[in-house]
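The structure appears below as structure tokens.
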Amino acid sequence: MAAEREPPPLGDVKPTDFEELEDGEDLFTSTVSTLESSPSSPEPASLPAEDISANSNGSKPVEVVLDDDREDLFAEATEEVSLDSPERELILSSEPSPAVTPVTPTTLIAPRIESKSISAPVIFDRSRDEIEEEANGDIFDIEIGVSDPEKVGDGMNAYMAYRVTTKTSLSMFSKSEFSVKRRFSDFLGLHSKLASKYLHVGYIVPPAPEKSIVGMTKVKVGKEDSSSTEFVEKRRAALERYLQRTVKHPTLLQDPDLRQFLESSELPRAVNTQALSGAGILRMVNKAADAVNKMTIKMNESDAWFEEKQQQFENLDQQLRKLHASVEALVCHRKELSANTAAFAKSAAMLGNSEDHTALSRALSQLAEVEEKIDQLHQEQAFADFYMFSELLSDYIRLIAAVKGVFDHRMKCWQKWEDAQITLLKKRETEAKMMVANKPDKIQQAKNEIREWEAKVQQGERDFEQISKTIRKEVGRFEKERVKDFKAVIIKYLESLVQTQQQLIKYWEAFLPEAKAIA
């Protein structure tokens, strides 16, 4: 019936129309009386609008008549929902109350202090995160470079030393720019110290580059050739990326061992870093034992977030390994293409020298020069494939292993807490047996043990909650850094591909007139 009736013009709305609406207020008397804490409003003209907004759910004609003023009506209605001194809210506050959506009367008259108790921690967390991001911006004001690889010593006692240069404006360092000499074992020793301090409490410690016995043996005993030079450059770049990722971590940057590594001219010799040593074999045994324990521990995961993230990192690890294998194959094919292009250029040059036709001989010689330039382009692109893309994938494969490592430590922490609960239950059963057997001398001992294990259970619960909280924060930071790193590398990689193709076009366009000049 309301849809069939013609809506009157907006200018024809009279106070009588509002009086007809106000006749139905007795249906919502309790709600309106509850919301209105004072009978007199500072603005009398707003009273009809407030009544209409309160009853708009039950009368369609009102919505049709006042369609153009709907925004004003709802704005005034939202100002009335506050129970914290309504007169003061109407006079001083121009912002809408948190309760914006019209709901049931019981929800509308809920005390406002409840909404404050929910929103206050969120605001506090947000401001704390903003402060931390600002602090991280200052913390990241540090540049680290690894350069000048130098062979020290002869024979199997030789090692490579690298210059670590640091530029920073942070007050924690004594100078704004300094450099030190470090060998590869020093980097491994630094990672070992940081991992022993922070890994078991949930921090993701960037892994150091892996040792290569074959590559380093060739550098020690062999002469300088292309393979040795490539190995040294690959290790130098990996060490530089390792330090850059480490100093980006706000907690690790504060560590005294890291500052000593960057500043001290002399470091104590790092021990237990050799691959073929007793400590190295012990590490391998411990890794195998951890793998077995991981299979035997059945953790009842109650947090869906951790279960989802673990599955996500497992899938990401598999896909990264597949992509890394494909990129390595691409690098090999690109190097093979470069070698074949060089052979083609040499053959074209020899053919041009033996050709009697002058124009054809000149064109073949020019073709050989172009192919030599293209050979150089293929080599540069192969290096870009490797150092830009392949090494990034390799780094993140090892970083994901570190992420899975902190998940394993969380599982160990849960297992320790679970074992403490089981032991406490056994102690209480023992106490009950002593009381039944009426052995007062052992009852007191059992009570002391119960108090001891209750403290261990509480500590285990606190440790588990803390490591879970830390891992959540660390995974969030890791995801942001991962997206940022992949974006930067993909853009650089695409730019290198575009530049290579553009250079190829220039080479062939320059050669085209020589080919057309053959008569």
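Cβ from N, Cα, C; glycine included.
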Name the residue among SER119, SER212, SER302, SER496 that Swiss-Prot annotates as phosphoserine.
SER119
Among 188-205, 278-295, find the range that Swiss-Prot records as region 'Membrane-binding amphipathic helix'.
278-295
PLDDT averaged over every residue in the region 'Interaction with RhoG' (260-519):
89
Around the Cβ of LYS469 (N6-acetyllysine), how many other Cβ atoms lie within 10 Å? Please give the count over every shown protein chain.
11
Could you tell me which three-state DSSP class LYS469 (N6-acetyllysine) falls into?
helix
